[in-house]
Amino acid sequence: MIDDKTPITIPYVVSRSVVKQGDLAKSAGYDRNKSLVQNFKSSFETFSLKKTIIETCPVLGWLPKYEFRKSIAGDIVAGFTVAIMHIPQGMAYGLLAGLDPVVGLYMAFFPALIYFIFGTSRHISVGTFAVVSIMTSKIVATYSDPDFGNNESQLNSTLDYEDEAITKSYSNYQVATAVTMVCGIFQIIMSFLKLGVLATLLSQSLVSGFTTAAAFHVIVAQSKDLFGIQVPRHKGAFKIIYTMRDVIMNIPNSNLYTLCISVACVSFMILMNEVVRPLAAKKCSFPLPSELMAVIGFTIISFALNLGGPNCKVIEVGKIPTGLPVPMMPPIELLQTVAVDSIAVCIVSYSIMISMALIFAKKDSYEVRANQELLATGFANIAGSFFSCIPLSCSLSRSIIQHKTGGKTQVASVVSALLILILILWIGPLFETLPRATLAGIIIVALKGMVFQIKDLKTFWNESALDAAVWILTFLTVVIIDIDIGLLVGIIVSFFVLYKKGYKIYSCMLGQVPNTDIYVDLQTNVNIAELPNIKIFRYYGSVNFATRNNFKQDLYDNIGVNQRTIRRASICKVPDEIVRLNNDIRKLIIDFSAISHIDMSGYRTLLEIKNEMKLLSVSIYLANPSSCVYDLFDRAHKLKEESFECFPTIHDAVLYSNGL
């Protein structure tokens with residue numbers, strides 16, 4: 001906390017001549033506008049092949065320095081713990097994506113190893129994520145043929161001949177992997193274009209409203225498995241409303257055994273998460289694997305009671321293949337088909353990853369490079385698309401557990417991936433009798449935190465009505481219309497709010513603190529007075545084609561001049577009358593210290609102001625420009641535009657104007 005009450009007695013004495021901005025630039029050797037040849041030469045001189053390779057593959061930089069004794073124990077424990085969480089979450093979210101549960105296990109193996117090589121975050125647990133799964137399922141439902149078999153023997157596309165027209169059918173796997181590959185391609189392109197920072201521009205209110213609404217989509221999608229009913233698959237806008245209607249109408253047809261399993265699973269998960277797990281956490285640092293306990297328990301119950309048989313007719317997970325999938329490239333023609341739909345998945349999956357990565361990087365004081373994260377995610381997605389994987393993201397719960405249980409590096413992800421590999425190769429078929437209602441119950445309970453984000457609306461409303469509007473519009477559009485349309489609406493509204501906040505400028509007149517070179521806002525400092533015959537104007541924001549008229553109007557309003565006064569001055573030839581019109585202003589100084597950018601339209605507006613002030617016999621000076629603003633002044637001068645007298649400080653401009 002700054003102590004403003006203690007008086008400062010240190011003398012501050014500076015004696016120098018008044019300088020103009022141009023003279024200061026020459027004496028300081030200012031050289032911002034380097035030629036293309038100079039820039040290329042500078043880049044070539046600083047180029048290092050070793051550094052480039054290490055930056056592209058960060059594992060080559062940190063793995064040789066890995067502190068084995070200090071980190072290996074924590075990484076093994078964290079990897080083992082996260083692997084246990086991967087099993088139920090991966091199976092559940094693989095099912096949520098419209099594919100087989102084993103896909104979620106593939107996600108915990110193939111992309112995780114690629115991210116280990118190229119990623120920069122030490123703690124995020126990559127793999128499946130509920131929102132990304134539901135967004136992928138939407139694309140799968142749109143472009144796949146529901147009658148097309150999804151068994152591995154049927155992954156090749158078939159041709160249906162109707163009315164002599166050839167229509168190609170695609171399996172769920174082909175569409176999902178095409179989306180994954182397209183997302184990877186987009187992310188690599190974004191990385192090369194240095195667009196990693198764009199994902200961080202998604203406002204907190206947008207992300208909160210979107211993920212909350214997406215949680216409702218997930219809940220509705222899982223409701224058929226909770227009740228054990230069959231409902232038609234809807235596509236396009238308002239599908240959640242149609243699905244809810246069908247679910248409600250079919251509730252009387254619910255499978256009683258499935259409903260009992262759902263109630264039992266949800267009750268068990270709530271009891272474990274809300275009561276038992278917090279108590280166990282006080283005595284054991286190892287988190288209680290309640291999801292895995294539910295999966296194992298209900299698998300055993302289903303097998304023992306033959307719940308999947310003709311008497312009970314409980315829908316089970318079904319056949320889980322052993323071994324790794326055969327590498328298979330998605331159909332090339334599908335990539336263009338799903339490209340537009342994949343943009344939203346690409347943005348959301350990466351935004352979740354980079355947000356989580358930055359949280360842990362800040363907590364443990366290390367660097368996460370946004371563009372490298374794009375590259376890592378892109379490579380992981382392209383590699384995963386050959387092995388039946390959906391787009392990569394990361395899980396909040398798994399990442400927190402990986403951090404809390406002592407994970408130090410991505411070695412924990414490798415440990416987790418190896419344990420998942422054992423499951424894929426040998427143990428997977430043991431879960432074939434698991435009721436799908438169990439996975440649906442696990443998903444529903446896991447979404448509790450996302451659903452309760454609805455309480456964030458009150459916080460956003462208290463902070464800003466505009467942020468609350470972003471949350472409401474995003475939420476309602478996602479829930480009522482569709483996920484991708486809602487995200488687009490949210491982004492548009494969010495950027496409008498960002499523009500609105502940036503467009504809302506502030507301007508003021510400055511006065512001098514007596515006997516100093518300090519100039520402060522007259523509106524907020526009542527004991528300060530203006531200098532005689534001198535007006536000092538400060539503007540906060542940018543002066544460009546969009547704001548130039550506001551800038552000019554604000555300036556004239558503050559100094560008490562309007563266009564009518566200028567017109568009268570242009571026809572008045574009596575000096576005394578002109579002095580009366582300009583309110584005794586002789587000098588006008590514009591402080592550029594708070595102006596971050598100016599374009600040529602803004603510069604020409606300054607020239608208009610200068611010429612109009614000349615009609616009122618008022619001299620105009622510019623003070624305290626930033627380097628980028630001064631560059632524009634310099635370029636305008638080289639383009640033969642009329643120039644200004646520009647000074648590095650307000651006080652230089654004041655002394656210079658008084659000396660004339």
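Note that Cβ sites are derived from N, Cα and C of the backbone, with glycine treated the same way.
A TrEMBL annotation is a machine prediction, not a hand-curated record.
Since the structure is predicted, the reported quantities are computational estimates derived from the model, not experimental observations.
Taken verbatim from TrEMBL:
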type: TRANSMEM; residues: 72-96; note: transmembrane segment
type: TRANSMEM; residues: 102-118; note: transmembrane segment
type: TRANSMEM; residues: 175-195; note: transmembrane segment
type: TRANSMEM; residues: 201-220; note: transmembrane segment
type: TRANSMEM; residues: 254-272; note: transmembrane segment
type: TRANSMEM; residues: 292-309; note: transmembrane segment
type: TRANSMEM; residues: 338-359; note: transmembrane segment
type: TRANSMEM; residues: 379-399; note: transmembrane segment
type: TRANSMEM; residues: 411-431; note: transmembrane segment
type: TRANSMEM; residues: 466-499; note: transmembrane segment
type: DOMAIN; residues: 524-657; note: domain 'STAS'
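At the 8 Å Cβ cutoff, the transmembrane segment (411-431) and the transmembrane segment (338-359) share fewer than 3 close pairs (sequence separation 6 or more) and do not count as touching. Away from its own ends, the transmembrane segment (72-96) comes close to residues 102-108, 125, 127-130, 133-134, 137, 218, 221-222, 286-287, 289, 291-292, 294-295, 317, 390, 395, 397-398, 401-403, 405-409, 411-420, 423, 431, 434, 436, 439-440, 442-443, 446 of its chain (Cβ-Cβ under 8 Å, at least six residues beyond either end). The recorded stretches the transmembrane segment (292-309) and the transmembrane segment (254-272) share 3+ CB pairs below 8 A when only pairs 6 or more apart in sequence are counted, and are therefore in contact. Summed and averaged per residue, pLDDT over the domain 'STAS' (524-657) gives 85. Contacts between the transmembrane segment (201-220) and the transmembrane segment (379-399): absent, as fewer than 3 C-beta pairs lie under 8 angstroms at sequence separation of six or more. Under the criterion of 3 or more C-beta pairs below 8 Å, with sequence separation of 6 or more, the transmembrane segment (338-359) and the transmembrane segment (379-399) qualify as touching.
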